[in-house]
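Undergrad: What TrEMBL shows for this protein is this:
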COILED    51-128  coiled coil
REGION    679-720  region 'Disordered'
TRANSMEM  402-431  transmembrane segment
TRANSMEM  451-470  transmembrane segment
TRANSMEM  540-558  transmembrane segment
TRANSMEM  573-593  transmembrane segment
TRANSMEM  605-625  transmembrane segment
TRANSMEM  645-663  transmembrane segment
TRANSMEM  778-803  transmembrane segment
Amino acid sequence: MGSLFRSEEMSLCQLFLQSEAAYACVSELGELGLVQFRDLNPDVNAFQRKFVNEVRRCDEMERKLRYLEKEIKKDGIPMLDTGESPEAPQPREMIDLEATFEKLENELREVNQNAEALKRNYLELTELKHILRKTQVFFDEMADSHREEEQVNLLGEEGIRAGGAGAQGQNLKLGFVAGVILRERLPAFERMLWRACRGNVFLRQAMIEDPLEDPSNGDKVYKSVFIIFFQGDQLKTRVKKICEGFRATLYPCPEAPTDRREMAMGVMTRIEDLHTVLGQTQDHRHRVLVAAAKNLKNWFVKVRKIKAIYHTLNLFNLDVTQKCLIAECWVPLLDFETIQIALRRGTERSGSSVPPILNRMETFEDPPTYNRTNKFTHAFQALINAYGVASYREMNPAPYTIITFPFLFAVMFGDLGHGLIMALFGLWMVLKEKPLAAKKSDNEIWNIFFGGRYIIFLMGVFSMYTGFVYNDIFSKSLNVFGSAWSINYNTSTVMSNKALQLDPKGADYAQTPYPIGLDPVWQVAPLNKIIFQNAYKMKISIIFGVIHMLFGVFVGLFNHRYFKNKSAIYCEFIPQVIFLVFLFFYMTLLMFIKWVKYSASSTDPAFSAACAPSILITFINMVLFKAPEEGGDCSPYMFAGQAGLQKFLVVVALLCVPWMLLAKPILIMRSRKEAAHQPITPYSNENGDADAAGLNQHNSATAPAGQQPQQQGGGHGHDNEEMSEIFIHQGIHTIEYVLGSVSHTASYLRLWALSLAHAQLAEVLWNMVLQNGLKQDGWIGGIALWVVFAFWAVLTVGILVLMEGLSAFLHTLRLHWVEFQSKFYAGLGYAFQPFSFEVILDSSSSSTED
């Protein structure tokens with residue numbers, strides 16, 4: 001089978017590389033992405049490995065690139081991304097890259113420091129400009145006569161009189177300090193001044209309308225200018241300490257108006273000069289960043305590839321001569337030649353004369369699981385791997401899931417209109433695949449939808465099919481082929497009665513069913529439509545469920561045959577099939593017999609619709625060995641000999657329980673006893689023991705890789721287990737299968753329940769929302785219909801397509817994980833994780849975006 005049905009055959013190989021060729025060879029393998037290396041130095045600390053210095057150099061280069069990227073994004077410069085992936089540079093090119101990054105970082109840091117210093121100087125001059133402008137107003141107000149009251153409060157009446165008394169009054173003049181403070185700190189600053197100085201200071205403040213730029217982080221801050229008047233050196237010291245505590249910036253402010261004007265003119269001149277220098281600095285910085293932005297993506301790719309190569313080389317071992325690197329790796333057998341060609345290409349690139357050696361090794365270790373996928377099958381394989389990675393060479397459920405998953409979803413979601421919406425959305429994502437993938441959105445919900453675009457498209461298409469079978473489109477029906485039912489009542493009877501019956505035995509029914517799906521007449525039968533659909537959908541849910549589970553059991557047969565596990569076939573598969581077929585598949589056959597033999601138009605009264613027995617009651621009586629009640633002309637049996645056949649089926653099914661429970665442990669016990677009584681074969685040579693060991697190793701090594709664990713001993717894979725553990729283990733599996741057959745069959749009734757709920761929700765939305773808009777007449781009705789239709793469309797997409805679709809998706813996922821895969825799928829393997837530059841770069845870019 002292809003690797004989609006069963007994982008690829010893997011081989012453990014030993015790789016010998018010459019030291020000078022190792023880098024180029026690993027680079028070629030990284031581009032190929034088909035080799036998973038094993039760590040041969042698990043006990044060696046990461047800081048003690050051979051290439052730890054190279055890894056550190058790569059980390060340092062990556063740090064510098066992240067710094068450049070942050071500065072480029074800060075300026076909003078677009079980074080050129082061609083989508084190409086340059087090859088990993090040679091080791092000698094690392095020095096050139098390091099020098100380039102060092103030069104760029106130093107230049108950018110120097111420019112940033114200069115710009116920050118210039119901005120700080122510019123901020124100080126701007127603040128000083130506002131101080132000089134605002135304080136002029138303050139001084140003019142203090143000179144007014146109506147400010148005499150404040151001077152009286154600060155100097156006292158004697159001080160005021162002394163102020164005009166000549167030289168003595170000079171010592172009683174008010175001192176002042178001026179500065180700026182953050183606007184949000186101003187109220188607390190004012191309270192502290194009042195309390196600390198006991199009201200002996202006078203504070204005036206004015207807001208600076210335009211925000212100022214903080215040079216340290218570039219944030220916009222709002223500040224206010226203040227001026228504080230006081231008397232005496234003691235208060236001056238106290239005021240300055242308070243200003244310092246509130247991180248207010250104080251500036252010198254001359255008292256004379258002429259000095260203030262001269263200082264303001266000088267400040268304006270310096271601001272203009274600084275503005276010019278700042279512009280030139282920003283232009284230079286922008287040119288540096290634009291030049292770096294052109295190559296930044298390629299630099300990131302190169303550095304990450306170098307780092308990945310040296311990380312991989314750290315997994316290798318050195319031989320005794322220190323000239324050869326030894327690696328162990330898992331490779332797919334189909335790609336063995338491709339890998340050897342890549343190794344030879346790497347050797348030629350490095351100029352080495354010694355070719356690499358790739359030897360296959362024999363091992364009993366479980367290989368990794370590798371299923372090749374493409375963009376279509378990848379999403380379905382992801383659903384399976386979310387449950388558990390398949391064991392090595394185990395049957396893969398993904399190819400069957402491609403059909404069964406959208407189909408079971410559609411059984412629950414069956415509506416032609418809703419399916420069309422979903423299919424169109426999926427088709428749009430499929431057709432716009434390349435441009436949508438190139439955008440690389442970091443929206444997690446969108447990425448989930450886009451990753452499952454083919455699943456969404458198939459679910460929509462299958463839902464359109466089941467909606468056509470249900471004859472359901474937005475809770476209405478399509479009369480494509482013409483109804484097989486006709487109304488033979490007169491007009492007055494129809495108009496005067498809310499409920500009328502159509503007789504399927506008479507002329508009301510044409511005795512030929514609707515060609516495909518349900519007859520549209522059921523859509524206008526509100527009284528018994530749900531009753532009819534209940535019976536129909538409940539039965540098809542059980543039929544699909546039993547077939548799905550039976551298929552899962554038969555898939556397990558392929559596993560047993562591939563691994564040559566005959567005991568599992570005779571002791572597990574056969575009784576499991578018999579148990580499932582004799583009970584539950586027989587029940588589905590009764591449904592078909594009932595559909596075929598019983599009808600309202602039957603001439604035999606025993607096979608009329610009134611005599612049709614209940615399948616559920618028949619099955620319960622069958623399991624309980626209870627005879628059904630007979631009455632009238634109706635027989636409780638559908639065919640002759642049904643009672644005896646049912647007893648036989650139940651007895652055989654019950655005998656399968658001890659068969660599953662005891663057969664395999666007893667077989668293992670017998671094989672162990674036979675192995676214990678086998679005589680030891682003598683060897684004629686001198687080194688018999690050593691040769692015997694070598695012969696055994698040779699025999700086990702020649703076994704197929706996927707079958708090696710099963711070939712050990714006679715215990716059929718249970719060599720190291722106690723017999724008590726084997727009996728307990730088999731008992732758990734038997735109980736799980738027997739009880740699970742009942743519960744899993746009932747679990748498929750969710751197909752019926754969700755399908756019914758979906759149809760009823762669609763009908764409620766039509767009757768309670770859209771129908772109200774359709775009933776309105778005139779131009780008002782036209783406007784109302786627009787509004788009502790928009791509301792109905794939003795509810796339809798939001799509730800019926802998205803929420804109901806998610807619910808049906810989760811229920812379908814559960815049916816596959818629990819009811820289907822539990823019949824054959826172990827899921828105990830581990831995924832093949834090859835050394836691939838593509839995967840490494842994708843994960844690095846996604847983590848950088850986060």
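Cβ atoms here come from the backbone N, Cα and C positions, even for glycine.
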Undergrad: Restricting to the coiled coil (51-128), what is the model's mean pLDDT?
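TA: Reported value for the coiled coil (51-128) is a mean pLDDT of 90.
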Undergrad: Can you work out which residues elsewhere in the same chain, 6+ from the ends of the transmembrane segment (540-558), have a Cβ less than 8 Å from its Cβ atoms?
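TA: Distant contacts of the transmembrane segment (540-558): 395, 397, 400, 404, 408, 411, 569, 572-573, 576-577, 580-581, 584-585, 587-588, 591, 741, 744-745, 747-752, 815, 819-824.
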Undergrad: Who are the chain neighbours of the transmembrane segment (451-470) in space, where the CB to CB distance is under 8 Å and they lie at least 6 residues beyond its ends?
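TA: Contacts with the transmembrane segment (451-470): 375-376, 378-380, 382-383, 402, 405-407, 409-411, 413-427, 429-430, 433, 478, 516-518, 755, 759, 805, 809.
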Undergrad: Is the transmembrane segment (605-625) packed against any residues at least 6 beyond its ends, judged by a Cβ distance under 8 Å, and which are they?
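TA: For the transmembrane segment (605-625), the sequence-distant neighbours (Cβ-Cβ under 8 Å, at least 6 residues beyond its ends) are 504, 539, 583, 587, 590-591, 594, 597-599, 633-638, 646-647, 649-650.
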